[in-house]
């Protein structure tokens, strides 16, 4: 695959052993690897060791444990270390920009907290609403991925956030109905890996820590959280298990994370789902062996919010930070906090494991230069009022919580460029670009116009009202404004002062639709398909899409227009592919554009393409099938294991999406990587040159023993709440309420024999064998050796400036062929 400003790189397609029916269990792997300093991590590691060496046990625990849901300004914060002047680290959503104000995992959060005292503001706080990750994938541009990441990083830094909860590379998009596919970078692991690496570099260049998520095999919303599924009427007690074979894990789901680690990502978020029947944040195989062992990840693993299911077990399994800190939202009870303090004091967890957690957190902090660019936290996730409660959950600490700092700078230009360059021209019978001087232009469809209640009126964008510019869920942000296609197109035409333009912005108003479209020289018809996170249901779509059809009767609206207008231009806003089979080859549809989820600059970016101000250069980041069955994969829609964890077998192995279409010889409507242009390109002088790649050498040897940075007291009395200290209600602290550890822990099972819950070798801090697949951050260096250089002379033969994205698909000869 080629990225616009880079040499050609080949995408290898290989067959692998598919998963088969069996009992799926995740193999244990202990101890949790301790980090070390090397390469670009060396200086940060040394600073981290120096800092952590000064800490008491309770201060180390404070670094690892969130203070509780809605207890501070950010969606997640750990404790502070006042003695050293170290403020609480701020974790903030999300992958499209700074999310706050509506903070609305409402369905599940209100259910769990019984808290109805939420204020739902509808305004943005001087931040940019960027295009979605799937749009970045459609640009195939490392440059734009970097620029978007850097702009985001600058905004988070300006608001005082330390960690961006993004970018997303899980879900990768195994099933086209997946609710959060749009947050990620598409279903090809090479494309996703290259672009996530540049996004991370941009974010961290700005002085904030990127958090790549969701690790791993997190491919659907349904059943991801048992309590959430219960709210939808499913009687299950455990989250879904994604059952994945090792080849598929490495070649598909782990690959983009390898690129993220190689790029120096500071944090990775573990996921809600189980992997081979072990929860993501307590899975020692995926966290200890794959991520910290094979990939050599030097940063810290953070739990998704309430994806933390155990205390001692998750610590041994590699989790480094618990978010938001409480076991259930608003309880003030934590698996860690005081319980982690007790577990170290009584010898259950060796102190070196907590040292390693703290060093990993601080190494990421120093690596991106957080100590050099500190900005006070100047926003609040729970209200956009200037004044409010610092501890919103319990309504304590009233004062100024929002300073309304404008952090946007020139970022609207970057957002517009990404939205524009990600627009994919799927069909053109010579009608595009338009001139703006057409005699009569009709604009048809709700998706062209505004949400009459405002673009932020639905919490976390949990509706499909007006034009679709982002999906829904925690990965959203508030729009500072939203330029609708209707506004931008009308402005373009009226500015020319020649043609008429008329809009009908109700999909079902067939009488007026036909009356207007029947007079038009060109009818611009807008359709969409939305999706999002599982805590919000929109029209029965509980995060994941129910189907791949258009929403709000879009197909029928297209039929109504094309029956009276022979020059219909179709514009699609969607979170993924839709079924285009019934209209893509309609002769009265003269052009089709996919604009994805373009963010705040939606209309402006579209006008740039429609009216030829810029050449369309986007390439489809997914395959467009003729039927849902063409994909060969879908989400699991019904429980299949009684009340236990639904079992989702990834039986296709690596053969999903375009690989499946190729293997099964299924002709799609539009291929992965497809996209037309207003100009033409010719290829010549194609050359393939073998590179002098180094021989693959498995890593060998032993690690050093686990660094021990402190010898803390084992006396429980040393960890009691400080005398005279007045705490915040339901706040998670590292201190004990009693010298009786069972009473202080609140754990009815306290005192169980260690052999009943501490896995063999988990507390072994001796030198350990180096994994053969390891070597440097990202994995064995042999993974990144260039085998061939492919070059060509590409000539623009047309009369317009444009960009081309050459693509090369190579079937490796030592695997069974999958292409005929």
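Numbers run from 1 along the shown chain.
Using N, Cα and C of the backbone, Cβ positions are placed for all residues, glycine too.
Bear in mind that the values here come from a model prediction, so they are computed numbers and not experimental data.
Per Swiss-Prot, the residue annotated N-linked glycosylation site among 588, 665 is 588.
Note on residue 346 (N-linked glycosylation site): other Cβ atoms within 10 Å of its Cβ, all shown chains, come to 15. Between the glycosylation sites 547, 588, the minimum number of other C-beta atoms within 10 Å of a residue's C-beta occurs at 547.
Cα distances from residue 588 (N-linked glycosylation site) to the recorded positions 304, 346, 465, 566 are smallest for 566. Within the set of glycosylation sites 62, 276, 465, 547, 566, the entry lying nearest in space to residue 346 (N-linked glycosylation site) is 62 (CA atoms). The CA atom of residue 276 (N-linked glycosylation site) is located 32 Å away from the CA atom of residue 62 (N-linked glycosylation site). Remark: residue 339 (N-linked glycosylation site) has 311, 745, 746, 747 as non-local neighbours, by Cβ distance under 8 Å and separation of at least 6 in sequence. For the glycosylation sites given as 62, 276, 566, the lowest number of other CB atoms within 10 Å of the residue's CB is seen at 566. Contacts of residue 465 (N-linked glycosylation site) defined by a Cβ separation under 8 A and a same-chain sequence distance of 6+ are given as 446, 451, 452, 453, 457, 458, in order along the sequence. The local packing around residue 304 (active site), expressed as other Cβ atoms within 10 Å of its Cβ over all shown chains, amounts to 23.
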